[in-house]
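Sharing a structure with you now.
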C-alpha cells in the first residue's frame with residue numbers, strides 16, 4: 001500500500017493553503033491509524049511557496065482560457081475556475097480516487113461483518129475508500145463539513161464556512177460486485193458553505209464520480225464551466241483530460257434498475273415493454289456509477305430506477321442522485337423523479353431517497369408521460385388563436 005501511495009503523490013502540485021487552515025482535523029470517528037505510515041496527503045505531497053494555479057482573468061473575472069483535451073487535471077481546473085479552494089478540493093479528491101482505484105484492483109473481497117447506519121454490509125474496501133476520502137477532504141483545508149453513505153452524520157473537517165465547502169459522498173457504490181470484477185465507482189457532490197440539508201442539487205458548485213473498471217476515470221463538472229469532463233488515469237499516475245460532453249442525443253440504449261417494481265407498477269412495466277418492443281439495447285451492470293456514466297460516454301440512452309408499493313426507493317438523494325443528476329444535466333442531458341428535475345428536490349434529511357431517471361430529452365419526456373401522464377419538458381401544443 002505504501003508503494004501505491006507514494007506513486008500517487010509523484011509530481012503533484014497543489015495550491016497554497018493559508019496557515020489559518022492548517023489545524024483542520026479529521027473527525028475523531030475516522031480512524032486513520034492504519035493509513036499513518038503511508039498517508040496519501042502527508043509530507044510526500046509537494047507544497048509550493050507560491051500558488052501553482054495561474055488563471056487568466058479579464059477585469060470582470062470571467063474566464064478567458066478554454067480547456068482543451070490533453071490538459072492535466074490541474075491545468076483544466078486552473079482554466080475552468082478562479083476558486084483556488086475548489087481547485088484544491090477537487091485535486092485532493094482526485095488523489096483519493098487514484099488510490100481507491102489501485103486498491104479496488106488488489107482488494108480482498110471478504111466482508112467485515114459490520115453494517116453501516118442504513119443497514120448495508122460494509123466490505124473492507126468500503127471502509128478504506130471512506131477513510132481515504134475523509135482524509136482527502138481534511139487535507140484540502142477547504143471542507144467545512146462532510147458526510148458519507150457509510151458515515152451519514154455531519155463531520156466537522158475544520159475548513160472555513162466562508163469560501164469553504166461541504167461534501168457528501170458514496171465512497172464505493174457497487175462494492176458488492178467488486179468480486180465479480182464489474183466496474184464500481186465513487187460519487188461526490190460539493191455544496192458551498194456549511195449546509196447539506198435545506199439545499200438542492202442545483203446548489204452544487206461541483207460534482208464528480210470515479211469509475212474503476214478496465215480504465216480508471218475521474219468524471220467531473222463545475223457549476224460555472226460548461227460540460228461534463230472525463231479524465232483518464234495514465235500509467236505515470238496523472239489525470240489527463242480525454243473527453244468533454246455537452247450534449248446527450250437520442251439513441252436506443254436503456255438501463256432499467258429496480259425491475260421488481262414492474263410487478264406492481266403497471267406504468268413502469270409498460271415503459272419497459274416499450275423499450276423491448278422498439279429493440280433498445282439493454283446495458284445494465286447493477287452498478288449505478290458505470291450505468292449512468294455510459295450515458296455521458298455514449299452520449300445517448302436512459303437510466304431508470306422506479307419505485308412501486310412493494311419496491312421502495314433505495315437511492316439516496318444527497319449521496320447519489322443529486323451529484324449524478326448534476327453530471328448528467330451539465331452534459332446536456334435531463335433528470336427526473338417523475339414530475340421535476342432531481343436537482344430541484346430539497347434535501348430535508350441526509351437519508352432522503354427517491355426514484356430517478358437520467359437521459360436524453362425525449363427519453364425523459366417519455367418517462368414522465370408514461371408514468372405520470374404528462375411531461376414538464378414537452379412544449380405545449382398551441383390552441384385557438386395561437387395555433
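Every residue gets a Cβ built from N, Cα and C, even glycine.
Just so it is clear, the model here is predicted, and its values are computed rather than measured.
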Taking 299, 320, 329 as the options, which does Swiss-Prot list with 170, 173 at the Mg(2+) 3 site?
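The record-listed residue among the candidates is 320.
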Which of 135, 149, 150 shares the Mg(2+) 2 site with 170, 172 per Swiss-Prot?
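As annotated by Swiss-Prot, 170, 172 share the Mg(2+) 2 site with 149, chosen from 135, 149, 150.
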Which state, by DSSP, holds residue 174 (substrate binding site): helix, strand or coil?
coil
Starting from residue 172 (Mg(2+) 2 binding site), work out which of the binding-site residues listed here (149, 284, 320) have their Cα within 10 Å, and give them in sequence order.
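Neighbours among binding-site residues, in sequence order: 149.
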What is the Cβ neighbour count of residue 172 (Mg(2+) 2 binding site) at a 10 Å cut-off, with all protein chains included?
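Its Cβ has 32 other Cβ atoms within 10 Å.
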Restricting to the record's substrate-binding residues (173, 174, 175, 176, 284, 314), give me the longest CA-CA distance in Å as a whole number.
17
If you measure from the C-alpha of residue 170 (Mg(2+) 2 binding site), which of the binding-site residues 176, 284, 314 fall inside 10 Å?
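For residue 170 (Mg(2+) 2 binding site), the binding-site residues whose Cα atoms are within 10 Å come to none.
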